Amino acid sequence: MAAPPLGRLVLTHLLVALFGMGSWAAVNGIWVELPVVVKELPEGWSLPSYLSVLVALGNLGLLLVTLWRRLARGKGEQVPIRVVQGLGIVGTGLLASLWNHVAPVAGKPYSVAFLTLAFVLALACCASNVTFLPFLSHLPPPFLRSFFLGQGLSALLPCVLALGQGVGRLECLHVPANRTTGPPIEVSPINFPERFSATTFFWVLTALLGTSAAAFQGLLLLLPSPTSEPTTGTGLRVETPGTEEEEEEEEASPLQEPPGQVAGIVSSPDPKAHQLFSSRSACLLGLLAITNALTNGVLPAVQSFSCLPYGRLAYHLAVVLGSCANPLACFLAMAVLCRSLAGLCGLSLLGMLLGSYLMTLAALSPCPPLVGTSAGVVLVVLSWVLCAGTFSYIKVAISSMLHSGGRPALLAAGVAIQVGSLLGAVAMFPPTSIYRVFRSGKDCVDQCGL
């Protein structure tokens, strides 16, 4: 088969990356904006815990997609993808206008609009794992890396935007007290605003999601339909049942090939690589679930408690740079992919050690070690970045290894991601938001005797 035109190939990779960008851009954008909104919403330091649970409850999107596939067999995968993209665009647009609206619930103020829209966006993002990834099974395996690069952009672009926005500044001013008893002077916190508001941030996020939806439409126009005849020379054929075995040989993933393999010499496929329920695949899926339980449930719920004692800047940098570690891990996986199960387990152990340190800081809040020092700020930010980068690399490596199992393996990977995230978030909600195991500090109040 003739080589595909370079321009068409590059354009397809670009569209796949932009398509992947829309999968988690909404939730990632909300996460990196937490340091800005947490000081204005009534939930305070517990807001990340609420958000973790809402993202976990977004797994209902997985059930809705499953129900759609059973009730609408043969309808294709385009409809759920378009619904997911539509929810993302409308949800972030409403969030830009309503994020700071507060309403009383059981006599207490809650950011009802923010939490409700966050749940809607979580539904869309969770559903994307079982709609976007299976759609890629129709494409040659190299495009999977472009998709994960796009998912990295869904974290990187909101991070760049958040870095430009800044986190604002807090100053503690001594002002005369308005009371007859007690000290005549009291310390009052003064908040200085960011470079642009959270409203502007969410509008830009809406534009990014619109770009992703447009890329998907462009991808559908560029690629042949599953019922059309394969076009010689495009190299971008959509799989059909009659050509599955032939394409499996022609499009073997470079992530699975030995370094010495050259064009025209295709090794026999390993039968074990296509056994979804083999012991190796089960271990990979289990590791993927555990990794996502930590990164999407356990650790995000306590991030504010581990960082805010060191200041808003520490929290801002930990959230933003930690999210930037995701696309960097994708780039690293494109260059060096760990195919060893033992190696991935070793990396998981390293990530768990870093996570244990961060959990310890959260448990000691509001007076963790090195609070009030530059060393403490550097250490907590660096720990978050390394922890996020390590786990992100593991997730990309496992998903790439499972790609050889085809659409069922990628669907199982999406389920493992969501189940792990759900268990992690549900486990952390009671200690953070009900029993108040983790304590929050107060602005301009020294609770550590420094």
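Backbone N, Cα and C define each Cβ position, glycine as well.
Taken verbatim from Swiss-Prot:
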COMPBIAS  227-236  compositional bias 'Low complexity'
COMPBIAS  242-252  compositional bias 'Acidic residues'
CARBOHYD  Asn178  N-linked glycosylation site
REGION    227-264  region 'Disordered'
TRANSMEM  14-34  transmembrane segment
TRANSMEM  47-67  transmembrane segment
TRANSMEM  86-106  transmembrane segment
TRANSMEM  112-132  transmembrane segment
TRANSMEM  147-167  transmembrane segment
TRANSMEM  201-221  transmembrane segment
TRANSMEM  282-302  transmembrane segment
TRANSMEM  317-337  transmembrane segment
TRANSMEM  344-364  transmembrane segment
TRANSMEM  369-389  transmembrane segment
TRANSMEM  409-429  transmembrane segment
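Comparison of 14-34, 47-67, 112-132 by number of C-beta pairs under 8 angstroms to the transmembrane segment (409-429) places 47-67 first.
Of the ranges 86-106, 112-132, 147-167, 344-364, 369-389, the one with the most Cβ pairs under 8 Å to the transmembrane segment (47-67) is 112-132.
Through the fold, the transmembrane segment (147-167) approaches residues 16-25, 28-29, 32-33, 35-36, 132-133, 136, 194-196, 201, 204-205, 208, 312-313, 315-316, 319-321, 323-324, 326-331, 333-334, 396, 399-400 of its own chain, all at least 6 residues removed from its boundaries and within a Cβ separation under 8 Å. Looking at which of 112-132, 344-364, 369-389 has the most CB pairs under 8 Å to the transmembrane segment (317-337), the answer is the stretch 369-389. The transmembrane segment (14-34) is not in contact with the transmembrane segment (344-364), judged by fewer than 3 CB-CB distances under 8 Å for residue pairs 6 or more apart in sequence.
For the transmembrane segment (282-302), the list of distant contacts is 31, 48-49, 51-52, 55-56, 341, 344-345, 348, 351-352, 355, 358-359, 362, 387-388, 391-392, 394-395, 398-399, 401-402, 412-413, 416-429, 432, 438: same-chain residues at least six beyond its ends, Cβ to Cβ under 8 Å.
Using the rule of three or more Cβ pairs under 8 Å, pairs at least 6 apart in sequence, the transmembrane segment (86-106) is not in contact with the transmembrane segment (369-389).
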